[in-house]
Amino acid sequence: MRLATAANEAYTAPLAVSELLGCKQCGGGRDHDEELGIRIPRPLGQGPSRFIPEKEILQVGSEDAQMHALFADSFAALGRLDNITLVMVFHPQYLESFLKTQHYLLQMDGPLPLHYRHYIGIMAAARHQCSYLVNLHVNDFLHVGGDPKWLNGLENAPQKLQNLGELNKVLAHRPWLITKEHIEGLLKAEEHSWSLAELVHAVVLLTHYHSLASFTFGCGISPEIHCDGGHTFRPPSVSNYCICDITNGNHSVDEMPVNSAENVSVSDSFFEVEALMEKMRQLQECRDEEEASQEEMASRFEIEKRESMFVFSSDDDEVTPARDVSRHFEDTSYGYKDFSRHGMHVPTFRVQDYCWEDHGYSLVNRLYPDVGQLIDEKFHIAYNLTYNTMAMHKDVDTSMLRRAIWNYIHCMFGIRYDDYDYGEINQLLDRSFKVYIKTVVCTPEKVTKRMYESFWRQFKHSEKVHVNLLLIEARMQAELLYALRAITRYMT
């Protein structure tokens, strides 16, 4: 448990202890410090997300008793409530599983020492230029006794961690290229070799933070107050709210419209939702009437896989990584490339041959006990999570839509389900949504607020956060499948 030992350390947490216990006004003792001449940082920006109005997050967080308990547990474990946690407030069942899994990976007994875990988190987040996560884990790395020299660049870290850089690179951007030779190179590196258990722990951490970078960018997570870009020393503007309002129930605010795009007319919103629901009804009727042959199903997968290569955004420009992030990884020019372009041919990964439930789960649990179960629970919650709503409609079965989103992501990675009709994807996911999905999953550093607002314009922010949970868990599972299959092939 991390406890603040000095006044200035208390301010490094986005939510200080006094705030957690229910301060009624911003300050928590800060006014007294300002009288003493101490410069106190104030949040820069409007709430935990640049995409989601702060008032919506405040209202949800203050009305749910379960969230209060989760916040308290998270604060006790990490000494902070970060903005990712605050945005996940919309989905408490998932958040509980997420926090439990992350706590186990970072703090409970395991093959890797604590400072290695945070450094691997830094390496993984840096591949997507996610300074938000890098900054969080730099602080945690130092807190658990990590050597500050390692933070000057990957070349200053132990050779064992440097050797992990290649796997990190390929796993983050082109996981279909991972082979058993990558695994062998790490396990047989003489005095710098990894054990199988250590490697599985590292792989889980890498996939966790690659995916969390996707969530960070996909939801427009704002920098923490103690990080670069997250604070100012200027006097506050007139406002009645601070982050502590989440825990003390002080939310006497005007109701925010549930429509995430204010410029969309009510009639446009209505017809977009109705059109999507009608497509779902038609597809269900087609399922009941006829079933496509295996050959036709395979053909539709190949068509969707090829089409996914040509889904890109108009903002698809290269993003040059900043030095403070790029020093944590090598080969800065290496990034996502569609797996079938440039004459490359990669065999389709058939889930019937190697899947998480029958193969990956047991391998992880054998080498890193209990983690497989935690990850499996998180996958299932994200995949099955539903409130049976779509925008303004209730009592809607959204399973078809959730499956289309999950399988589209796996399709982009070359992963095929023999029992799924990939023709449904084009019926349910329009181009703007596909652009958002592909950007969040493959090049999250390029996500813009315009992309977030352009898909499902009539849906609530909570529903868009739900989409992001599906995206990150599907991505994590895809990466794990390729990495764990390579480990299995090495072992056999």
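The backbone N, Cα and C atoms fix where each Cβ goes, glycine too.
Straight from Swiss-Prot, the features:
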{"type": "ACT_SITE", "residues": "Cys130", "note": "active site, cysteine sulfenic acid (-SOH) intermediate"}
{"type": "BINDING", "residues": "Thr386, Tyr387, Asn388, Thr389, Thr398, Glu463", "note": "L-leucine binding site"}
{"type": "MOD_RES", "residues": "Ser293", "note": "phosphoserine"}
{"type": "MOD_RES", "residues": "Ser314", "note": "phosphoserine"}
{"type": "REGION", "residues": "71-252", "note": "region 'N-terminal domain'"}
{"type": "REGION", "residues": "321-492", "note": "region 'C-terminal domain'"}
Lowest local Cβ density (other Cβ within 10 Å) among binding-site residues: Thr386, Asn388, Thr398: Asn388
Residues within 8 Å of the Thr386, Tyr387, Asn388, Thr389, Thr398, Glu463 Cβ centre (excluding the L-leucine site residues themselves): Met390, Val396, His466
Around the Cβ of Glu463 (L-leucine binding site), the count of other Cβ atoms that are within 10 Å: 18
Arithmetic mean of per-residue pLDDT over the region 'C-terminal domain' (321-492): 90
Among Ser293, Thr389 [recorded positions], residue with fewest other Cβ within 10 Å: Ser293
Farthest-apart CA atoms of Thr386, Tyr387, Asn388, Thr389, Thr398, Glu463, residues recorded for L-leucine, distance in Å: 12
Listed recorded positions (Cys130, Tyr387), ranked by Cβ neighbours within 10 Å, top entry: Cys130
